[in-house]
């Protein structure tokens with residue numbers, strides 16, 4: 001019955017869909033047939049979520065709110081490095097969020113951007129550089145504390161996993177793209193380090209990445225990441241496009257994406273958590289997802305007041321750029 005519960009199931013979305021199809025087709029029979037067909041397809045191709053008891057052990061270990069260091073804690077140490085992982089553990093983080101990218105020779109490494117310009121002393125697209133070339137770069141070169149981390153290298157995915165497990169940190173693998181390559185690389189990690197099944201989450205803004213991960217391994221805990229208006233606006237709220245019509249089209253796409261994320265895609269992918277931009281998380285929002293058996297993690301929560309609100313009022317886990325002080329968000 002949970003499927004059709006008013007707050008937690010699919011009754012609302014499919015009732016809305018039926019109404020839209022009635023308006024479009026002007027035929028009750030055709031609208032009902034189309035709605036029913038879409039529901040059957042969703043049921044056939046969707047994945048069952050990982051058992052909630054196991055997901056909770058990962059998302060809220062020891063039934064406590066998790067503080068997750070964004071990119072390893074990009075304010076406290078050079079982002080996506082082994083030093084950041086060690087520093088996050090030292091500063092009391094429950095887990096770390098790490099970004100996966102690939103070199104031109106297919107080696108999975110930790111990197112947020114598709115170029116090395118922002119974080120290192122090199123230039124160029126990551127997909128044009130071999131692992132040997134990127135290994136020579138300094139990932140601390142442009143960090144505010146670069147003098148404290150003189151010997152850092154861009155780590156491989158395997159090196160990062162081993163370091164996290166050594167410090168008993170939960171890992172949030174953030175996948176930006178390359179659905180096939182990323183899921184294959186992660187599957188190898190889960191096979192080599194089976195403890196990851198109880199110590200990690202694969203998350204992405206891209207539903208196809210999460211769906212592919214569930215296809216590859218249904219035992220992996222997954223999460224969708226979302227920021228409303230992300231297609232039409234940048235992280236700091238500025239419009240991405242100058243022309244009215246282009247902006248309007250992407251606003252409409254944002255509305256469709258947001259509706260799909262909250263009403264259909266969570267069920268299709270069988271996720272266990274939803275990573276939401278911090279400003280859109282409220283008690284009512286948490287209640288909505290809780291009715292679906294899904295945990296909400298807010299990002300990026302960077303001030304003492306925000307952290308206190310999440311811990312004391314919301315009772316929700318969060319991702320932060322710093323475990324030790326207030327800082328500006330890192331987009």
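Keep in mind that glycine also has a Cβ here, set from the backbone N, Cα and C atoms.
Under the heading Mg(2+) binding site, Swiss-Prot lists 97, 99, 174, citing sequence analysis as support. Its Cβ taken as reference, residue 174 (Mg(2+) binding site) is surrounded by 25 other Cβ atoms within 10 Å in the chains shown. Mapped onto three states, the DSSP output places residue 174 (Mg(2+) binding site) in strand.
The domain 'GP-PDE' annotation in Swiss-Prot covers 65-331.
Under the heading N-linked glycosylation site, Swiss-Prot lists 168 (among others). Proximity of residue 168 (N-linked glycosylation site) to non-local residues of its own chain (separation of 6 or more, Cβ distance below 8 Å) is seen for 89, 199, given in sequence order.
The annotation N-linked glycosylation site is assigned in Swiss-Prot to 198 (among others) on the grounds of sequence analysis. For the recorded site, residue 198 (N-linked glycosylation site), the DSSP three-state label reads helix.
As annotated by Swiss-Prot, topological domain 'Lumenal' applies to 25-247, with the evidence given as sequence analysis. Each residue in the topological domain 'Lumenal' (25-247) has a pLDDT score, and their mean in this model is 96.
Secondary structure of the topological domain 'Cytoplasmic' (269-331) per DSSP (helix as H, G, I; strand as E, B; remaining residues coil): 23 helix, 14 strand, 26 coil. As annotated by Swiss-Prot, topological domain 'Cytoplasmic' applies to 269-331.
The transmembrane segment annotation in Swiss-Prot covers 4-24 (among others) and is backed by sequence analysis.
Marked as transmembrane segment by Swiss-Prot on the basis of sequence analysis: 248-268 (among others).
Taking every protein chain shown into account, 97, 99 are the binding-site residues, and of these the Cβ with the most other Cβ atoms within 10 Å belongs to 97. Of the recorded residues, residue 99 (Mg(2+) binding site) and residue 198 (N-linked glycosylation site) place their C-alpha atoms 19 Å from one another. Distance between Cα atoms for residue 174 (Mg(2+) binding site) and residue 198 (N-linked glycosylation site): 17 Å, as a whole number. Residue 97 (Mg(2+) binding site) sits 16 Å from residue 198 (N-linked glycosylation site), taking the CA atoms of both as reference points. With a cut-off of 8 Å between CB atoms and residues at least 6 apart in sequence, the same chain places 54, 57, 58 near residue 198 (N-linked glycosylation site), listed in sequence order.
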